[in-house]
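J.: Structure in structure tokens, see below.
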Amino acid sequence: MSSTVSVILDHAVGVLAAAGVPTPQVDAELLLGHVLGLNRGQVQSRAITDAALDAEQYLAVIEAIERRAAREPLQHITGRAPFRALELAVGPGVFVPRPETESVAQFAIDALLQVPSASPRAIDLGTGSGAIAIAIATEVPHAEVFAVENSPQAFIWTRRNARELAGDNLRLIFADLADTPAELDGEALDGTIDVVVSNPPYIPLGAIPRDPEVRRHDPEAALYGGVDGLDIVRAISVRAARLLRPGGVLILEHGELQGDEVRALLAADGWRATATHPDLLGRDRTTTALR
Ligand SMILES: C[S@@+](CC[C@H](N)C(=O)[O-])C[C@H]1O[C@@H](n2cnc3c(N)ncnc32)[C@H](O)[C@@H]1O
């Protein structure tokens, strides 16, 4: 059986809308584009010209639509997640990077650019796909960047993305972030870092994410941070205080209702100038502090 782009696009939008996918038109266009090797604009213009799909393309599109209708993340089906200027490889075992984390990376980039050093140093704790670390390493090429992850499944993706997208100013560390080594290859890390950045797991254990894509497909270790969601933030507060040089900056992503608690726990640990910043939608998603 065969079909035209416009017919199958309409079909896909209907199927995805019925399955409760929040953005059926966008997802349908991206899935078609993925199978046909086209970007969204090209899919839209092909819909106008009513180009025909061959049988193989048709079956591949149908399979992709079925997977998405079963609420598999779009990024697992395409195998790619956009993040700032990057196209990261993602799939089962790794957290899919989110658009809101792009502004967390911006805080880290801005802080690094203000450091009066030929090679300022940043570390990303809980790097997952490597999104924040690779963005920093590529956008601030004179910086030295370290990325820490302790999930073997996630680290496969970290390594792959680092190899494909980053240069030799990014170094990966497979470790629990609480046990980030004090030195690496005989060179001190403790007391030498200018910027610590993290998007840690921060969902309270009892709070089940609404979206099936998150609940069923993001790794639990990437989501949950203990009873109040802040166990990993507490571990970061302790470890970052030793990694940073005096005056160094800590940048944390958190849930939109956690700003007060995060600032309070950082202040209790001796951090200065704690501040919570709204994202582009006005939600409190990032807290910064000075060592
Ligand atoms: C919310 S995800 C963020 C991933 C990535 N930084 C991003 O923003 O897309 C949190 C990451 O922290 C990792 N993680 C959780 N606990 C950790 C620990 N104790 N040590 C190192 N990494 C940890 C998880 O495996 C996951 O990859």
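Placed from the backbone N, Cα and C atoms, the Cβ positions cover glycine too.
Annotation source TrEMBL lists S-adenosyl-L-methionine binding site at Gly126, Thr127, Gly128, Ser129, Gly130, Glu149, Asn199. What TrEMBL lists as substrate binding site is Asn199, Pro200, Pro201, Tyr202. If you look up TrEMBL, you'll see 9-79 marked as domain 'Release factor glutamine methyltransferase N-terminal'. Feature annotation from TrEMBL assigns domain 'Methyltransferase small' to 108-202.
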J.: In whole Å, how far does the CA atom of Gly126 (S-adenosyl-L-methionine binding site) lie from that of Pro201 (substrate binding site)?
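T.: The separation of the Cα atoms works out to 8 Å.
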J.: Summarise the model confidence on the domain 'Release factor glutamine methyltransferase N-terminal' (9-79) as a single mean pLDDT, whole number.
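T.: When the pLDDT values over the domain 'Release factor glutamine methyltransferase N-terminal' (9-79) are averaged, the result is 92.
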J.: If the criterion is a C-beta within less than 6 angstroms of any ligand 1 atom, which of the binding-site residues Gly126, Gly130, Glu149, Pro201, Tyr202 pass it? List them in sequence order.
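T.: The binding-site residues passing the 6 Å Cβ test are Gly126, Glu149, Pro201.
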J.: Check the binding-site residues Asn199, Pro200, Pro201 for other C-beta atoms within 10 angstroms of each C-beta and report the one with the most.
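T.: The residue with the most neighbouring Cβ atoms within 10 Å is Asn199.
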J.: Relative to the mean position of the Cβ atoms of Gly126, Thr127, Gly128, Ser129, Gly130, Glu149, Asn199, the recorded S-adenosyl-L-methionine site, which additional same-chain residues have Cβ within 8 Å?
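T.: In sequence order, the nearby non-listed residues are Val94, Phe95, Asp124, Ala131, Ile132, Ala133, Ala147, Ala154, Thr158.
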J.: Counting other Cβ atoms within 10 Å of each residue's Cβ, which of the binding-site residues Gly126, Gly128, Gly130 comes out lowest?
T.: Gly126
J.: With a radius of 8 angstroms around the mean position of the C-beta atoms of Asn199, Pro200, Pro201, Tyr202, what other residues of the same chain does the substrate site pick up?
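T.: After dropping the recorded site residues, what remains is Gly126, Ser198, Ala222, Gly225, Ile232, Val233, Glu253, His254.
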J.: Near Glu149 (S-adenosyl-L-methionine binding site), which residues of its own chain have a C-beta under 8 A away, given they sit six or more steps off in sequence?
T.: Gly126, Thr127, Gly128, Phe155, Thr158, Leu172, Ile173, Phe174
J.: Which whole-number value in Å describes the distance between the Cα atoms of Tyr202 (substrate binding site) and Ser129 (S-adenosyl-L-methionine binding site)?
T.: 17
J.: I need the least crowded one of these binding-site residues (Thr127, Ser129), counting other C-beta atoms within 10 angstroms of each C-beta.
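T.: Sparsest of the binding-site residues Thr127, Ser129 by Cβ contacts within 10 Å: Ser129.
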